[in-house]
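For reference, the structure is listed below as C-alpha cells.
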Amino acid sequence: MRSLIRRGWLSNEHGAWVMTALPIAVGICTLKPQPIQFLLLAAWTAAYCSYHALTLFMAAAPKRRKTYLPAMATWAAIAAVCGVPVIILHPRPVARILIPVTIFCAIATFEAWRKRRRSLPSHLASVLASSCTYPLSVWVVAEDYSPLKLWCAAAAIAAYMLGATLYVRSLIRGAGDTRMFAVCIAWHLATLVAGLIGVVIHVIPLWSLIAFTVLSMRAIIVPALQNSSRIKLRPAVIGIGEYLACVLMFSAVMAIVA
C-alpha cells in the first residue's frame, strides 16, 4: 500500500476520497440505483486518481516525475473507458455541468502547477467540481428531475464539504490559528444565513436548516474547546465524527430533493 501511495497510484488523503465519492454516492441513494451511476462513480474516482498523480508529477523534481507517469496514464485511461459510455448515453446531463466542472478543474490544476495543491483555492475548486456531479448522478437516471431541487442539494453538499475542510483544518493543520478558526466560523454562519433565506423562499425545508445548524455548532464548539483546553483530538476521532456528520448531511439533502 505504501508503495502505491509513494508512486502516486493512491492518495493518502482520506478526506479527498470522501469528497470525491460522496456527491455521486448520495445521488445513487436519491433514486433507485442504476448501473450507469456506478459507471459514473468509477469514472469520476479514476479521474480524481489521475489528477492526484498529475499534482505529484507537477510538484516533483524533474528526475522523479517519470515515477508518476504510469499511475497518471492508467487512471486517465480507466476514467475514459468508464466515462465515454456515460457521455454517449447521456450527453444532455453531461453538457449541463460541463462548463462549471471545467472551470473548477482548471483552477485546481493551476494551483497544482503553482505547487499549491493543498491551498484553500485548490480545495474550494475541487469541492465545487465534485459537488456538480450530484445533479449529474441523478439526471443520468431521471433526466427531467427538478434542476432547482438538484442544484439546491448540490449547494448543500458543497456547503458541507467546504465547511468540513475548514473545520478539519482548524483542528489539525490550523490548530490554534485564530484566523483559520475565524474563517471556519464565518463560513458556517454564512451557510446558516443562506439556509434561512432558502427556508423563507421555500426552496429548502426546515429540517435541512436544522441539520446544518447542528453541523455549524460542531464546527464552532469543537475547535473552541480544543483551543481552550489544549487537548489535541486524534485524526481518527475527528474522522469518526465526520462520518456521523455525513449522515446528517445526507438526511438534509434527501429532505431538499423529496
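Yeah, the Cβs are placed from backbone N, Cα and C, and that goes for glycine too.
Automatic prediction, not curation, is the source of TrEMBL annotations.
When Cβ-Cβ distances below 8 Å are used as the criterion, the transmembrane segment (16-33) is approached by residues 40-41, 44-45, 48, 52, 126-127, 130-138, 141-142, 145, 153-154, 157, 161, 164-165, 242, 246, 250, 253-254, 257 of the same chain, each at least six residues removed from its ends. Residues or ranges marked as transmembrane segment in TrEMBL: 16-33 (among others).
The transmembrane segment annotation in TrEMBL covers 39-61 (among others). Here the transmembrane segment (39-61) has Cβ contacts under 8 Å with residues 8-11, 16, 20-21, 24-25, 28, 67-69, 71-73, 75-76, 78-79, 82-83, 85-86, 105, 108-109, 112-113, 115, 117, 130, 133, 136-137, 140 of the same chain, all six or more residues outside its ends.
What TrEMBL records for 68-88 (among others) is transmembrane segment.
The transmembrane segment feature in TrEMBL is assigned to 94-112 (among others).
What TrEMBL records for 124-142 (among others) is transmembrane segment.
According to TrEMBL, the transmembrane segment annotation covers 148-168 (among others). Beyond its flanks by at least six residues, the transmembrane segment (148-168) meets 15, 19, 22-23, 26, 120, 123-124, 127-128, 130-132, 134-135, 138-139, 180, 183-184, 187-188, 191, 194, 198, 203-204, 208, 212, 215-216, 218-219, 222-223, 238, 242, 245-246, 249, 252-253, 256-257 of its own chain at Cβ-Cβ distances under 8 Å.
The transmembrane segment annotation in TrEMBL covers 180-201 (among others). Residues 152, 155, 159, 162-163, 166-167, 169-170, 174, 208-209, 212-213, 215-216, 219-220, 223-224, 227 of the same chain, all 6+ positions outside the transmembrane segment (180-201), place their C-beta atoms under 8 angstroms from a C-beta of that stretch.
Per TrEMBL, the feature transmembrane segment maps to 237-257 (among others). Same-chain residues lying 6+ beyond the ends of the transmembrane segment (237-257) with a Cβ under 8 Å from its Cβ atoms: 14-15, 18, 22, 26, 29-30, 138, 145-146, 149-150, 152-153, 156-157, 160, 164, 168, 171-172, 204-205, 207-208, 211-212, 214-215, 218, 222.
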**Cβ-Cβ under 8 Å with the transmembrane segment (68-88): same-chain residues at least 6 beyond its ends** = 7-9, 36, 39-40, 42-44, 46-47, 49-50, 53-54, 56-57, 60, 94, 140
**Message:** Checking distant contacts: for the transmembrane segment (124-142), what same-chain residues at least six beyond its ends satisfy Cβ-Cβ under 8 A?
**Reply:** 16, 19-20, 22-24, 26-28, 30-32, 34, 36-37, 40-41, 44, 86, 89-90, 92-94, 96-97, 100-101, 104-105, 107-108, 111, 150-151, 153-155, 157-158, 161-162, 165, 257
